[in-house]
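Note sheet for the following structure.
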Amino acid sequence: MTIRHFRLDTDLTPAEQAAVLDTADRLKAARRTSAHPRPLAGRSVALIFEKPSARTRVSFEVGVTELGGHPIVLDANTIGLGKRESIEDIAQVLSRYVDAIVIRTFGQDRVDRLAAAGTVPVVNALSDFTHPCQALADLQTVRDHLGTTRGVTLTYVGDGNNVAHSLLYAGAMAGAHVRICAPKGYEPDAGVVTRSARLAAGTGGSVEMLHDPAAAADGADVLYTDVWASMGQEADAANRVDVFRPYQLNEALIAAAKPTVKVMHCLPAHRGDEITDGAMDGPASVVFDQAENRLHAQKALLAFLFAELEAPQ
Ligand code: CP
Ligand code: NVA
């Protein structure tokens, strides 16, 4: 039995990532038809949330159900991970009951410790460091609207946060040209940038760090942004407004990109801050397709992880 985790984007190979995206497309097409598979029949999946969520919680709960499985949502107070009992103890206990654990949490180390101590696949549903399920859905959305991820210029403007890190990893693995345009002092983690550049070298993609939004938008196929202060950074939100204002995804930035540019945001959005109403609701926006694809991409990921469990050694 091979236990595969999805702690971060690079837990899949580029070929596996592409296969998961193909499955996501098939599941999307087969949704609500008799051809839809139920590979999780008789299985249960624990969904642990230590931070708020709308999309991730609902798409995983619906997704597990549609695959024939039983989702069990556990909030932070219910299990008290690391407070009521240790992460390692809960990993071993849950492994006796459920067939996979999905977790949204703070430090990436909490995801890693759960995976190390348990005996079932662990999926990262957002940590402070990465948001790999989001990036899978993002790539599916790029394929939906631009036909491919290869050679696509994917520009992210804003905070060099968890979403930016996963875009770097996943985009590089998918052969995209990933540009991250962040204010000075808010750039992505240097290790992620180095590792992504290495991945991109193997796929024909590239990674580029910029500070000037107009230069980052020039020639962009996708303009992507996220909140200026992530969950856990609320106390710093007011200090960030002036720093990030020039990085707003607005009509002027869209005009600086390709005429066919697509606007993306992982949501939830703070309209009027990192993105304008015009950008969110305008003809270039694919943000709600992107939100929908969370469902399909995560179902495909779970189907992949469960198939791996049964793969011959
Ligand atoms: N994009 C995303 O992860 O949304 P939620 O925080 O609502 O789950
Ligand atoms: N960077 C954001 C993403 C929310 C989906 C956060 O971590 O709050």
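Just so you know, glycine gets a Cβ as well, placed from its N, Cα and C.
What TrEMBL annotates here:
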DOMAIN    4-143  domain 'Aspartate/ornithine carbamoyltransferase carbamoyl-P binding'
BINDING   Arg104, His131, Pro132, Cys133, Gln134, Cys266, Leu267, Arg294  carbamoyl phosphate binding site
DOMAIN    151-305  domain 'Aspartate/ornithine carbamoyltransferase Asp/Orn-binding'
BINDING   Asn162, Asp226, Ser230, Met231  L-ornithine binding site
Exercise for the section: List only the single closest residue to Asp226 (L-ornithine binding site), chosen from the binding-site residues Arg104, His131, Cys133, Leu267 by CA-CA distance. Expected result: Leu267
Practice task
Could you list, ordered by sequence, which of these binding-site residues: Asn162, Asp226, Cys266, have a Cβ under 6 Å from ligand 1?
Solution key: Cys266
Completion exercise
Integer Å value for the Cα distance linking Met231 (L-ornithine binding site) with Arg104 (carbamoyl phosphate binding site) is 11
Practice task
Would you mind sorting out which binding-site residues among Arg104, Pro132, Cys133, Leu267, Arg294 put a C-beta under 6 angstroms from ligand 2?
Solution key: none
Practice task
Count up the helix, strand and coil residues in the domain 'Aspartate/ornithine carbamoyltransferase carbamoyl-P binding' (4-143) according to DSSP, in that order.
Solution key: 69 helix, 23 strand, 48 coil
Completion exercise
Excluding Asn162, Asp226, Ser230, Met231 themselves, the L-ornithine site's Cβ centre has within 8 Å the residues Leu126, Asp128, His131, Asp159, Asn161, Val163, Val227, Gly232, Gln233
Exercise for the section: Just report the maximum Cα pair distance in Å for the recorded L-ornithine binders Asn162, Asp226, Ser230, Met231, no decimals. Expected result: 12
Completion exercise
Quick tally, other C-beta within 10 angstroms, Arg104, His131; top of the binding-site residues is His131
